[in-house]
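A.B. asks: Just passing along the structure, written as structure tokens.
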Amino acid sequence: MKLFNQLRWFFIREWKRYLGAILLLIIISILQLLPPKIVGILIDLIIKEKMHGLDILPWISIILLIAFVIYILRYLWRILLFGASYRLATELRVQFYSYLSKQSQKFFLNNRTGDLMARATNDVDRVVFAAGEGVLTLIDSLFMGFSVLIIMSTQISFILTIISLIPMPIMAILIKKYGKELHETFRHAQAAFSLLNNQTQEILTSIRMIKAFGLEKYQLNKFNLIVTNTGKKNMEVAKIDARFDPVIYLSVAFSNLLAVIEGGYLLWNNKITIGQLTSFIMYLGLMIWPMLALAWMFNIVERGSAAWERIYSIINKELYIKDGNKNIPDSFGILLVNIKQFCYPQHKIPSLKNINLILKPGKTLGICGPTGSGKSTLLKLIQREFNIKKGEIYYHSISLSELKINDWRKRIAVVNQNPFLFSESINNNIALGKPNASQKEIEEASKLADIHKDIITFPNGYNTKIGERGVMLSGGQKQRIAIARALLLNTEILILDDALSAVDSQTEYNILNNINQWKKNGHSLIITAHRLSALVDSDEIIVIKNGSIIQRGTHLKLTKEKNWYQSMYSYQKLEIELEDN
């Protein structure tokens, strides 16, 4: 029942729909009480020979009319009640997605995709089911149950009613006990389903690698273990679930037995009539639904409550990256980085130390260094994916922590080494950040990224579907489409995180030459690369090793000194010469 309290904000907002549905349910319950009463009266009249032949037809017509009205009203309350619960489903999923979209990298490091998918689908469905069917069964069973009890005790026999309901308290105690067990067991089952969902997602997204390494059997065995565990958890839920109905039917059977024994005694002593006993047995039959409904309600509400706890545990987490309140001036600004020390969450060893640099409008900053030196970490901090405890990054002399996150991220465009492409057309992928872009703008951006000539050779040109994550494209084509997507945004700062690693030297030269022309309007470029030829034209190059800047200067300056940059550039230059020969 705690779930209803947790969802009271929704019930209050949709009170008109719920009130309408509840009123219709009450009317239906009242109408359902009439047929047993009519049947009892008819039996007594027939026994007393006060009704003959066709006299019964008007009464049958009344019963049929009641049934028809109940049919119409049931349709109406379903529209009202389930219409509201479907709104809840939409709202919960939108809230969940909205929350995820505001989360930082830290959140996604700690939460797996499959688990989040399970919470957004399966768990939401359980909560919505409880908000719909749960409310229905609660109101319907309580009103129907109390109404039947009142009629049985006042219109027929109070003693007979009390004796017939002796098994009910025992049933209530058992149902409450099973409900608590079900809550905990179902929570574990949902966690197992999340793990299964996550494993399925990982297998599907890495199927080519699995095949390449011949890991099909290994992955199958691993998947089988997870499926088996999920099945066991669900079986535990089913075992508890299976206890509900037998308890109810056994209680009803004992109630009927007690009703027949005590009713027979009262009938023998002329304290009730045969018609009244018949009505009582029919009313007792009507009590089966409230009892079943209450047990079913406990079942679905406990499932919904467990599901809600899983959803709430995510959306109630405090945002790691908090939004600022300052707007960015509408002009190109200076980016100033002053990082004294940065450690990833839950890590003690600093990933960056004493990083100081300035990027002015229209300039290019090149970043290089050994693998794992901290290049991508620096770019993540510029994108504000993590908080900096010791140090600050400024734009327009305003700390990034004080700026509105969305406003800042609209000023930068990022292309990673392994860009994400959607399983849509090339047009839609390039225009992702600017859906209203004209075809001319899309093609101009493609030409700057040196991908236009490739696209026009495809069967459907810019309308070619590229498959899931761009499976139909080469690595270089994916990178160039992502670069075109970033250039189309025309942001103040363009960040290329080793985004030219999959293209050949000539294509790299063409792209950088085009970007240098694009930059003349005041745009800035930050580029990281392992192939140092991409950094030659940078206004400043910094070399990062073990999280610190060990060298900085222009390409010409760094190649004249004995250092990491000079030795790596000479090695790469020699490698190219050997390949050419």
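Any Cβ shown, glycine's included, is placed from N, Cα and C.
As annotated by TrEMBL, domain 'ABC transmembrane type-1' applies to 19-303. Here TrEMBL flags 21-47, 59-77, 127-150, 156-175, 247-268, 280-301 as transmembrane segment. Per TrEMBL, domain 'ABC transporter' is recorded for 334-571.
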A.B. asks: Using a Cβ cut-off of under 8 Å, list the residues of the same chain at least 6 residues beyond the transmembrane segment (21-47) that approach it.
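C.D. replies: For the transmembrane segment (21-47), the far contacts come to 56, 59, 62-63, 66, 69-70, 73-74, 76-77, 80-81, 84, 135-136, 139-140, 143-144, 147-148, 151, 155, 273-276, 278-279, 282-283, 286.
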A.B. asks: Below 8 angstroms Cβ to Cβ, which residues of this chain, lying six or more residues outside the transmembrane segment (127-150), approach it?
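C.D. replies: Non-local partners: 3-4, 7, 10, 18, 21-22, 25-26, 28-30, 32-33, 77, 81-82, 84-86, 88-89, 92, 161, 165, 283, 286-287, 289-291, 293-294, 296-297, 300-301, 303-305, 307-308, 311.
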A.B. asks: What else in the chain is close to the transmembrane segment (156-175), if you only count residues 6 or more beyond its ends and a Cβ gap under 8 Å?
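C.D. replies: For the transmembrane segment (156-175), the far contacts come to 149, 243-244, 247-248, 250-251, 254-256, 258-259, 262-263, 266, 271-272, 276, 279-280, 283-284, 291, 294-295, 298.
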